[in-house]
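The structure appears below as structure tokens.
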Amino acid sequence: MSKLTNVVIFIVFFLGMMAKETQGQHICHQILLNNNCDGATCTSLCDKQLQGTGQCYKTVDKRFICLCNYLCRT
């Protein structure tokens, strides 16, 4: 019984620490290239400008845009 109690307390403590680390981290999005997106260029540009990850996406009107996802700065 004592071991089970210790394990439960450890798990609750661990989950509390994980929640504290992720709290307040919001993902922001920004379009960097509005047309003719190239995968390598998009990734590189997003990394250099915003320290994020960029991917090309096809829009409804069939354009390819570079969407950069990065941690918001406060």
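Cβ from N, Cα, C; glycine included.
Now, the feature entries from Swiss-Prot:
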SIGNAL    1-24  signal peptide
DISULFID  C28-C72  disulfide bond
DISULFID  C37-C56  disulfide bond
DISULFID  C42-C66  disulfide bond
DISULFID  C46-C68  disulfide bond
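Annotated pair C56 (disulfide bond) and C68 (disulfide bond), C-alpha to C-alpha distance, rounded: 9 Å. Put simply, of the disulfide-bonded residues C28, C66, C68, C72, the one whose Cα is nearest the Cα of C37 (disulfide bond) is C66. Long-range Cβ contacts of C72 (disulfide bond) within its own chain (separation 6+, distance under 8 Å): Q25, H26, I27, C28.
A simple way to gauge crowding: the CB of C46 (disulfide bond) has 22 other CB atoms within 10 angstroms, across all the protein chains here. Least packed by the Cβ count within 10 Å, out of the disulfide-bonded residues C28, C42, C56, C68, is C28. Long-range Cβ neighbours of C66 (disulfide bond) (same chain, at least 6 residues apart, Cβ-Cβ under 8 Å): I31, L32, L33, C37, T41, C42, L45, C46, G54, Q55, C56. Classification of C37 (disulfide bond) by DSSP places it in coil, neither helical nor stranded. Counting every protein chain shown, the Cβ of C37 (disulfide bond) has 22 other Cβ atoms within 10 Å.
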